[in-house]
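**Student:** For reference, Swiss-Prot lists these features for the protein:
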ACT_SITE  H96  active site, electrophile
ACT_SITE  E168  active site, proton acceptor
BINDING   N9, W10, K11, G174, S214, G235, G236  substrate binding site
Amino acid sequence: MRKKFVAGNWKMNKDLLGAVSLATEILQLLGDEAPTCEVAIAPTFLCQQAVFQVIDESAIKLAAQNCFYEDQGAYTGEISAAMLRNSGCEYVILGHSERRQYFNETDEIVNKKVKNALSVELDVIMCVGETLEQRESGVTKSVVETQVRGGLKDLTAEDMKSVVIAYEPVWAIGTGKTATPEQAQEVHAFIRGIVKDMFGEEVANELRIQYGGSVKTSNAKELFGMPDIDGGLIGGASLNAEDFVEIIKSAE
């Protein structure tokens, strides 16, 4: 039985005080009883340590929104997976559509980042998904398959124990549009089939696949009820503590 996983991607939102306040409120609303699903939050790099101080020793795990594919060196402005791991991070989000769109990240770059993160025992949430134009052109599956195979290239079955895939249809991110549970389930099942082909049935059955794309309190329970949807990568709704906690409870 796969354990549901809800992660909040705060993107470039919340200054230091705002991040600490939001993390504190989420903890308070969750209460003393640990959630039955796994939970992580990904603040900006600047707020990582302050947020870690708030959630340390709680059930909430610290995640990062990106990393570079080298451990150290003359890479101005970059943060390495090793630095994140040494600062208390347990997860890193890689290949998010906004990274692909605004920073020209390719599947090859995502793959290098995935490998580097895994090499320092930092678990990965690898994002894949199609644009509206690609969906309307009927190439959703070929786009997603290329991203999955490219991002997971040269990984082992053992590596896959530390990988989560997030399916995020680009046309549903921050637009208010959401894939129907049936649309999302179809792609999630397809992704699981690709992973089965690459790594075998056991790895595919154990892989958690999150859905990301305008997940809200009103649709979370129905989405998470689909057989191949194992939680969510939450954007805008994760910036509101009450909404985020309600979504977490939808996954329990």
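Cβ from N, Cα, C; glycine included.
Could you place the listed features in the three-dimensional structure?
**Tutor:** Secondary structure from DSSP puts H96 (active site, electrophile) in coil.
The DSSP secondary structure for E168 (active site, proton acceptor) is coil. Annotation for E168 (active site, proton acceptor): same-chain Cβ neighbours under 8 Å, separated by at least 6 residues, are H96, S97, C127, V128, G129, Y211, G212, G213, L233.
Counting every protein chain shown, the Cβ of G174 (substrate binding site) has 12 other Cβ atoms within 10 Å.
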**Student:** Show, in sequence order, which residues other than N9, W10, K11, G174, S214, G235, G236 on the same chain lie with their Cβ within 8 Å of the centre of the Cβ atoms of the substrate site.
**Tutor:** I173, I234, A237, S238, L239
**Student:** Output the one of K11, H96 that, of all these recorded positions, has the highest number of other Cβ atoms within 10 Å of its Cβ.
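**Tutor:** Most Cβ neighbours within 10 Å: H96.
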**Student:** When you look at N9, W10, K11, G174, S214, G235, G236, which the record names as binding substrate, what is the longest CA to CA distance in angstrom?
**Tutor:** 14
**Student:** For each of the binding-site residues (N9, S214), count the other CB atoms lying within 10 A of its CB, then report the residue with the highest count.
**Tutor:** N9
